[in-house]
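**Student:** According to TrEMBL, the protein carries these features:
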type     : residues  : note
COMPBIAS : 727-736   : compositional bias 'Polar residues'
COMPBIAS : 1082-1097 : compositional bias 'Polar residues'
DOMAIN   : 630-725   : domain 'Fibronectin type-III'
DOMAIN   : 730-823   : domain 'Fibronectin type-III'
DOMAIN   : 828-930   : domain 'Fibronectin type-III'
DOMAIN   : 931-1031  : domain 'Fibronectin type-III'
REGION   : 707-738   : region 'Disordered'
REGION   : 1074-1101 : region 'Disordered'
REGION   : 1117-1164 : region 'Disordered'
TRANSMEM : 1042-1063 : transmembrane segment
Amino acid sequence: MSAFCFSLDLITPTKGRPMGSSWRLSLMILSAVCFHVRSLDIPLEVEQLPTITQQAPRLLIAFPFDESYTFECKARGNPEPEYHWTKNGFRFDPRQDPRLIMEDDAGSFTIPSGKNITQYGGRYRCYASNRLGTAVSEETQFIVSNSPKFPKEKIDPIVVEDGQSVVLECNPPSGIPPRTIYWMTIGLKQIEQNQRVSTGLDGNLYFSNTLEEDSREDYCCFASFPSIPTIVQKTPMAMLVRSRSDDNSTVQRKPSLMAPSGVQTQVRLVKGEDLQLECMAEGFPTPVVTWTKSGENLPNHSSIENFRKRLVIPKINKDNEGIYVCKAENSAGETTHEFHVTVEEPPHWLVKPESQLKSSGSDVHLQCSAAGNPQPEITWMMNGHLLKDAPEFGGQLLGDTVVLHNVKPADSAVYQCQASNRHGTLLVNVNVMVLDLGPLILTEDRKKYEAVVGTTVLLHCKVFSSPPSVTTWAKGDTVDSVAGENFYIQEDGSLKIHNVQKEDAGEYTCFSINSQGNATILASLDIKEATQIVEHPQNLHVVSGNTAQFTCRASYDESLTRSFEVHWEKDNVEISLNQTEFPRYFVEENVLHITNVSHSDQGTYQCVVRTSLDQDLASALLIVQGVPDAPEHLELYEPDNRRVKLKWVPGDDHNSTTTEFIVEYEESRWEPGRWRELQRVSGNQTWAQLDLNGHLDYQFRVSALSAIGRGPPSRPTERYKTPATAPDSSPSNIKSEGNLPHEMIIHWEPLLPVEHNGPGLEYKVSYRQQGVEEDWQEHMVKRHSLVVKNTPPYVPYDVKVQAANDLGWAPEPKVYTVYSGEDLPDMAPSDVAVTVLNSSRIHVSWTPVPVNHVWGLLGGYKVQLWRLRDLLNIEKGPKEKETMVISGNLSYTTVQGLIPFSEYSLMVGAFNGRGMGPSSHPVTFKTPEGVPEKISILKATNAQKDAITLVWSPPLKAHGVLTGYLLQYQMVNDTADFESLHNVTIRGPDSTQWVLKDLETVTRYRFYVSACTRVGCGPPVSEESQTTPTGLAVKSESSDPWFIGSMCAAVALTLVVLIACFVRRNIGGKYSVKEKEDARSDVQSQGATNNASSEYSSDNEKKPLKASLCSLKLDSEENSCGVSMTDSEDEDDRFGEDGSFIGEYAGHKRPGSTEANGAALVTA
């Protein structure tokens, strides 16, 4: 069914316009027409009646700015309908007018805009006909409006006495709505309106009474038509108000109505229109108008307008019927007027006839019934003619029903039912089609369908037949109808399969049969795996500026790969991945990346995976977190000298709960412009009580802290000044130092400037020796230290420091215990003993120095060690000194990392903060023999089919008497696995090569060579080589000039180093060692817990004992080897914490000095 509804309201001259009708200057419903087409769903392949599908609107107005005006008329039917038109009830052929433009394959035509289109105004109707019948369109009224204008006229001046009433008539012209009336002067100044002077619904200007100031010569009425757009002006009118000649007072006058006339008015409106009732009263004094409804209150949705002269009830309904009364009254009397309001309505259907498809011999009943106020009149037509004028009508009209008995194809026709009253018309076309036709399957044969598992699929078999046919479906080669809860045959013959599964795939047959014949088609169904998201995106909380990643992984049927696609949406808007609209979004390996996340990225993200058959959705929420915004609206309140409260309003926390608020202050006296933290409060607290210092000019700000970080600070508060007061506290952390044995320096942490609380800050320092003095010795100072002379070494003192300013003293301070300056220990440790544990490790013990001989706080003990000589050498060389620091009051330690087969001398001394005391008597000991170092060179040469020659050089350090070498070798197979190991013991320390025989031909071997002493063998050096095929030999590298030269250079370099070291030992160069002391600490307790741990004063802790490094220089002063030592007690070389030597030789570090393996070795 198609439906067309129209509305019409023309602006007409106001003269004679009934009171109560609409005066809205716009299109309104004055008459309404609805045109309905009831069509049958008959395929166009079948012969059928015409049905109008499009038609022109009920009202068509020629607006000046329109380019053209189209009268539509389109219909469907078989045979193809032909069209003709009527104008004002007479036949009209648009094709005969060369100005009109006809539309191909339709009955529509267009009137171009331009001059002389007035001739086309009128009422038009379209007819669409074929040999079976005629369909009729509704009538269209085409209005061609002339340009609105006021008539040219000469208006005589109006002369009245003051106090009289007068009406200035406008009588505006008709035109295209909407229309608005204005009263203005010739200078376009609006006439002031009030309860005395106002414009009525008819456009006239009403004066209830006149005053002399109403006199003027340019009262102009303007009519505006914005849809054109046009404004027209009436000839100006002059009005002269004369004063009364008899006296100056105006006689009171009882009210009377200038409009409407009479005592009552009948008002009829259509339901849904706006009711506007108006009473324009005259009299003196100016009457006041009131409104009532007889027997009840005014409707709630009513309003009183135009200075109480107009009652408006929008969208009136049946309940608003009744008698409305306006009363105008003043001090002289009153008058009334009644409006009898009746609400009517246009026709509406009670029973609307339906188009019918019948087969021969059937009966047809067409009922048409409508209601309205007044009651609509029902008119039946056939093919556009009244039934009484249609000779082919063979039925009966029984009341509102058309009855046809035993119909045959010749009875096919288009019937029209029309329901009309004075407010509108309803028209419906009803097709009665009599047809005898076997099943006609409109769906193509052998159509292929695809569906995914679990969905619903529709196999089409759209059938048309008359009489109706019976349709069944079968699967495969059977003729049995499909059965099951998931199979359903629809009314049009199509098969719907719910929740399809793989077994539902196959070929289906649609059978349709009626009394006129039968028909079949085939359809095939292929079932695919469903598309589904197997890895869903997860909700994310991401900090602003970071990257968010949503994963969306899906599975789908492989046959649908070409149509598979993934889309992403944000808040139901698709994300474009072209880097233009969303430059920070990209997808990589099923992951949506959002870089540099901002708060605008927060929202719901949806992954949409789809194929040509189905899709799946998954969504996740992105919460963007950030530091909190700055608090706002800071306010100081409840001030109380040095205390004030501060409150604020938190800013947006950006999805991360505020944990703390940080209150900061800035003061202008000591550090203007610098903000410092004052206080922190809980994140759920929005105020803080601030305890302040005195004599300062503060301002405050607040920032918020969350798990994400600290937000920006707020705007600062106004300034807050505190009064000066005495200090709140005295200095803390009082300590003493003693640079000299009989001197004590007392120092403390001074008060911060903001803690002064007032001007004139000083400190009173009080001290006394514990157990000796009872009275305090006092000094006033402004600095934060005091030097006390002539003190005994390292004795305890009571000390206190009290602050004061011009306003008074701080509270009584705390008393601290400090010590006077230290002196050097005057006794060496006794009973020093050395136990050799192995070739590189010893245990040292001693008897500690008594406390009364330390003369200070014991720092620990220093173990000094000299390597006197290598036991392989007969003569002694220069002494190599190392120093090891043992913190705390310990009496033993372990020294490791010594050089095997060496002779050493050892001494122990105590130290305190002042320095080191005397050392013990030296103890001499020897380390036993050890294993050698690695050999320096190993080469496999002269490879033959069954032999390989190995050549090597001796180790640089034998750590004992060299007895020979251990040679080991093994085969290496193709998988890099090793065979069993073979050992060869080579006697004699002078052996430097060996020929291995009886080897496998063309076989790869790995060789290991290590040097040995009487204790054992050192670490091996490895080399690989391969024997040759039969008859071939690889040239021996030992005969190669390059190899010989390399070996000679290595031997020569070794000899030069040895000679230089020997010469340097004989020269006996000296080293100056600077002693470095640790900061004083409570080493007594530290020593008890560390259990002989070593503390070093150099930066070379935890380093093993290293051999002496020789610095080869050209000049005699720097051509030295760092092995000789001085015996000075202030030389301070170090051990590692594990007892190993550091080997630090302190002196002036010159350019070219060497630091090897992390040990600070300096030549001097």
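In case you wondered, yes, glycine gets a Cβ from its N, Cα and C as well.
Caution: TrEMBL annotation is automatic and unverified by curators.
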**Student:** DSSP says what for the compositional bias 'Polar residues' (727-736): how many helix, strand, coil residues?
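**Tutor:** Counts, helix then strand then coil: 0 helix, 5 strand, 5 coil.
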**Student:** Across the whole of the domain 'Fibronectin type-III' (828-930), what does the mean pLDDT come to? Round it, please.
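**Tutor:** A mean pLDDT of 91 is what the predicted model shows over the domain 'Fibronectin type-III' (828-930).
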**Student:** Report the DSSP secondary-structure composition of the domain 'Fibronectin type-III' (828-930) as helix, strand and coil residue counts.
**Tutor:** 3 helix, 61 strand, 39 coil
**Student:** Which residue counts does DSSP give the domain 'Fibronectin type-III' (630-725) for helix, strand and coil?
**Tutor:** 0 helix, 51 strand, 45 coil
**Student:** For the domain 'Fibronectin type-III' (931-1031), how many residues does DSSP put in helix, in strand and in coil?
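**Tutor:** Going through the domain 'Fibronectin type-III' (931-1031) residue by residue, I get 0 helix, 50 strand, 51 coil.
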